[in-house]
Amino acid sequence: MPLLDYLASHPLAFVLCTILLGLLVGSFLNVVVHRLPKMMERNWKAEAREALGLEPEPKQATYNLVLPNSACPRCGHEIRPWENIPLVSYLALGGKCSSCKAAIGKRYPLVELATALLSGYVAWHFGFTWQAGAMLLLTWGLLAMSLIDADHQLLPDVLVLPLLWLGLIANHFGLFASLDDALFGAVFGYLSLWSVFWLFKLVTGKEGMGYGDFKLLAMLGAWGGWQILPLTILLSSLVGAILGVIMLRLRNAESGTPIPFGPYLAIAGWIALLWGDQITRTYLQFAGFK
């Protein structure tokens with residue numbers, strides 16, 4: 001196809017197109033982050049009522065990632081297409097609803113911008129390759145999972161498990177690791193945090209993390225192979241400890257306040273996939289091993 005040939009031979013055009021795509025995807029991720037937990041809660045309630053033998057709730061209006069159309073949470077004004085252009089509409093509207101002038105949350109444009117910038121970097125890092133396409137899907141998934149976990153302390157299986165399988169499929173073709181390394185990465189990724197979970201619970205009687213974290217690290221191992229696991233665990237622990245203390249201080253929260261670990265795993269895994277080899281070599285040279 002002429003367009004694909006053009007993008008393959010013009011790296012800058014590929015990066016710019018990927019940034020624009022990232023803006024659109026970022027807008028959709030805002031919808032996913034807002035609606036998916038509510039959709040899951042609806043399903044849980046329906047399943048609980050069925051298990052308890054209760055009458056099902058009256059049929060509710062359709063609620064999914066497509067319907068109903070997005071609306072202002074304050075006045076209910078339905079957002080029109082020209083009011084939903086990523087970043088542009090937010091700036092044109094001055095960050096306010098066109099109807100009631102209520103402030104629009106700053107996180108919406110920030111998510112769009114972050115998705116665009118990360119997507120552009122992936123395109124620049126990998127070039128016009130299958131690796132770039134796969135890494136874009138992973139990046140978008142990690143962003144959505146991180147935000148949902150930060151809001152609800154929840155890592156949805158509907159996001160984690162498909163990405164785990166996608167990582168194994170990608171590495172069937174050797175995009176990031178061999179298939180054997182990816183399989184071991186998935187197994188060891190799950191078992192490593194599972195072991196820490198039970199050891200911590202035996203010692204303290206408390207649950208230090210959720211099962212979603214096990215699955216997330218297994219998913220990252222399926223993408224990068226078992227070799228990225230030590231660096232991912234180390235980076236996520238360091239970043240989580242530092243930011244966790246800062247967040248507790250800022251919120252004046254108690255030390256027992258739960259802190260989602262998923263975002264730190266996602267950040268660390270993403271870094272390990274892109275720069276793991278360079279970070280490891282630099283550390284070994286600094287430590288005098290090479």
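Backbone N, Cα and C atoms are what each Cβ position is placed from, and that goes for glycine too.
Annotated features, as they stand in Swiss-Prot:
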- 13-33: transmembrane segment (TRANSMEM)
- C72, C75, C97, C100: Zn(2+) binding site (BINDING)
- 128-148: transmembrane segment (TRANSMEM)
- 158-178: transmembrane segment (TRANSMEM)
- 183-203: transmembrane segment (TRANSMEM)
- 228-248: transmembrane segment (TRANSMEM)
- 261-276: transmembrane segment (TRANSMEM)
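Recorded features from Swiss-Prot, shown on the structure.
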| residue | record | CB count, 10 Å |
| --- | --- | --- |
| C72 | Zn(2+) binding site | 18 |
| C75 | Zn(2+) binding site | 11 |
| C97 | Zn(2+) binding site | 18 |
| C100 | Zn(2+) binding site | 11 |
| query | Secondary structure at C72 (Zn(2+) binding site) (DSSP, helix/strand/coil)? | reply | coil
| said: Would you say the transmembrane segment (261-276) and the transmembrane segment (128-148) are touching, if the rule is that at least three C-beta pairs must lie under 8 angstroms and be 6 or more residues apart? | reply: yes
| Chain residues in Cβ proximity to the transmembrane segment (183-203) (below 8 Å; excluding those fewer than six residues from its ends, i.e. six or more beyond) | 164, 167-168, 177, 209, 211, 213-215, 217-229, 233
| query | Residues sitting near the transmembrane segment (13-33): Cβ under 8 Å, six or more positions beyond its termini, same chain? | reply | 6-7, 65, 70, 84, 86-87, 107-108, 111-120, 122-124, 127-128, 132, 136, 140, 143-144, 147-148, 151
| message | Quick check: in three-state DSSP terms, what is C97 (Zn(2+) binding site)? | response | coil
